[in-house]
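Asks: TrEMBL lists these features:
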type     : residues : note
TRANSMEM : 42-66    : transmembrane segment
DOMAIN   : 57-306   : domain 'G-protein coupled receptors family 1 profile'
TRANSMEM : 78-102   : transmembrane segment
TRANSMEM : 114-135  : transmembrane segment
TRANSMEM : 155-177  : transmembrane segment
TRANSMEM : 197-227  : transmembrane segment
TRANSMEM : 248-275  : transmembrane segment
TRANSMEM : 287-309  : transmembrane segment
Amino acid sequence: MATQGSMCNTSISDYANQSSEFSNISLQPNGSSMAEEDSTKILAVIYIVVFVVGLTGNSLAIFVVLRYTKMKTVTNMYILNLAVADELYILGLPFLTTHNVLAYWPFGNFLCRILMWADSISQFTSTFCLTVMSIDRYMAVVHPIRSTRWRRPSVAKVINSMVWALSCLLTLPVIIYCDVQPELNTCNLSWPEPRDVWSTAFILYTAILGFFCPLLVICLCYLLIVIKVKSTSARAGLSKRSKSEKKVTRMVVIIVVVFVLCWLPFFILNILNLISTLPENSLITGIYFLTVILTYVNSCANPLLYSFLSDNFKRSFQQVLCIHRVNGVSNGHPGRERLSRNQQNEALFPPRSFDFKEHVQSYQTLKGRLPK
């Protein structure tokens, strides 16, 4: 979806349609104010930075979930799916950058269709994945016992597969109608007549199914979670499990909020352009490019959010990058800390992540080694 905004200016919506002059502004830099050399170079640099950060961060997130056993939780399975979608989306940036710099599409019709389709699939998948994560949080908080049967990594993998299948199905119009337009030599959606009707229908179709409907479900889930939490707030204290669920829910909420902040401007701009064709000037063009860049920034920001909001992800990243190894991940078990000598001498007061029996055994072993 964001792709369209990138390569076709259609990002989730077909506002890349040739009937939309605003869409043509971004796809045809040589015909608009964004054709200025300095602006093109700055834009290319921004895209390259976002590409490098996003590719590295999402690759790291994918690796640690696949590599470490304790990272294979239900929530992390959904995060893995989100990271794959973000990675796929980010991979379209070099083609978009080349397109903007050259002011034409040099990669041929086949890559035009494949890249546009992959871009659309990744955006739909990201939205649906966040929706599934929100439903999962609702089940974990509101129905913790009843949901045990369904909240398993194996079930999460099946749901992830269904999300990709649904995304592929919903974005079929992109691969069917996307083409390199000979007269402009740009990668865009070529609708049949009446083009305006098809373009408008597709914009609404993608915006509603790919953003606003999922957003409504997400908001409903967290509204029910808030009601549940308030109804139980009078109870004394929280169990260890409740605290853990609260922390995971907080992480998912922040990821969703960042997603909405990065994508909402893009959809609003598309809809505004649909209601009343926006003028072709440097201000509107700059705003458009900003909204497109924001969608890519979201994909490279997610790994940073995982690192800051999840201790397990943070430790796993540190282990892979060989940073702070004392508290790193060992033997595929993030969260199980290695003890330094000072920590060993204080093993009688174990970290919360340790099992009590393990602490007693390690202390007795250490005690037996101390000189008498």
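Every residue gets a Cβ built from N, Cα and C, even glycine.
Bear in mind that TrEMBL entries carry predicted annotations, made automatically and left uncurated.
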Asks: Taking contact to mean 3 or more CB pairs closer than 8 A (sequence separation of 6 or more), are the transmembrane segment (287-309) and the transmembrane segment (78-102) in contact?
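Replies: Result for the transmembrane segment (287-309) with the transmembrane segment (78-102) is yes.
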Asks: Can you see whether the transmembrane segment (114-135) and the transmembrane segment (42-66) are touching - at least 3 CB pairs under 8 angstroms, only pairs 6 or more apart in sequence?
Replies: no
Asks: What residues elsewhere in the chain lie close to the transmembrane segment (155-177), defined as a C-beta under 8 angstroms and at least 6 residues from its ends?
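Replies: Tertiary neighbours of the transmembrane segment (155-177) are 4, 10, 74, 77-78, 80-81, 113-114, 116-117, 120-122, 124-125, 128-129, 132, 136, 189-192, 202, 205, 209-210.
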Asks: Which whole number is the mean pLDDT over the domain 'G-protein coupled receptors family 1 profile' (57-306)?
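Replies: Mean model confidence (pLDDT) across the domain 'G-protein coupled receptors family 1 profile' (57-306) is 89.
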